[in-house]
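What follows is one structure encoded as C-alpha cells, with my remarks underneath.
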Amino acid sequence: MNMDQLKRQAAARALEEVRDGMQLGLGTGSTAKHFVELLGERVAAGLKVIGVPTSEATRLDATRCGVPLTTLDEIDHLDITVDGADEIDPELNLIKGGGGALLREKIVAAASDRMIVIADDTKWVPTLGRFPLPIEVIPFGLGATRRAIETAFAQCGVSGQMAVRKAKGGDKDGHVFVTDGGHWILDAQLGRIVDPPSLAKALSAIPGVVEHGLFIGLASSAVLAGGEGIRVIERRKPKGD
C-alpha cells in the first residue's frame, strides 16, 4: 500500500466521526484533501454539513467536491476540524504549516470543539523538530524579527538554520512564497525541540511573528494509517484542560 492510500485510509476513518448537521473545519494539505473529497461523496449521498476551509486551495477543493462552505464570521463554533500534520509527538503536539496555511489552520482549530489529526504513521515521532518549523512573519523588519527568533531559540535550548521559504512550481517558482494572508514563512531546521510549549510561547511573544507551526494542546486525537492498519491515539487530557 502506497503513502497516498494510507492517507486516504486515515481520512476515511476520521470521516466516521462526522454526523449530520455538523459544522466542520477543513484542513489543508495532501491528507486533508482526501478528507474533503470523501466528505464530498457523503454530501452527495445526503449528508448535511457545512465547512470552513483553512486555505484558498481547500476552498477550491471543497467547492469542486460540492461541500457547502461558510466562514467563522457567520457561525459561532465548529464541531470538528480534520487536518493533517507534518509531525505528531506522543503528547499530540504538532508541527504544521508545510503547506503554508498554518495561521488559518490554527485559527480554525482553536475555534473547534475537537481537532482530529489525520496522517500516515511516518508523521509519528518521539520528539518534534526533524521537520522544519514554519514561522509566519511580516516582511517588514525581517532582520530584527530573525534576530529575535534566534534569541528565543537560544533561550529554549535549540538552534538551527532559518531560510525564507520559496515557491515551487508554476509561474512563481523560485520567488518568495507568500501566504494567503500576505506574509512570508521562515523555515527553521532545529533537529530536536526539547520543550515545544516553551518555544511556542517565546515565538508568539515576538513582534513580527504572525504565527508559528507549533500546535500545542489543540489536537484531541490522531488517526494514523500504516502497514498494520489504523491507530487512533487520544490526547491524555481533554482539549481546554
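Numbering starts at 1 and runs along the chain as displayed.
Placed from the backbone N, Cα and C atoms, the Cβ positions cover glycine too.
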Among LYS48, LYS123, which residue does Swiss-Prot annotate as binding substrate together with THR28, GLY29, SER30, THR31, ASP83, GLY84, ALA85, ASP86, LYS96, GLY97, GLY98, GLY99?
-> LYS123
Same-chain residues at least 6 positions away from ASP83 (substrate binding site) with a Cβ under 8 Å from its Cβ, in sequence order, are GLY25, LEU26, GLY27, THR28, GLY29, ALA32, THR54, LYS96, GLU105, VAL108, ALA109, MET115, ILE116, VAL117, ILE118
When DSSP states are folded down to helix, strand and coil, where does LYS96 (substrate binding site) land?
-> coil
What are the other residues, in sequence order, whose C-beta lies within 8 angstroms of the center of the C-beta atoms of THR28, GLY29, SER30, THR31, ASP83, GLY84, ALA85, ASP86, LYS96, GLY97, GLY98, GLY99, LYS123 at the substrate site?
-> GLY27, ALA32, ALA119
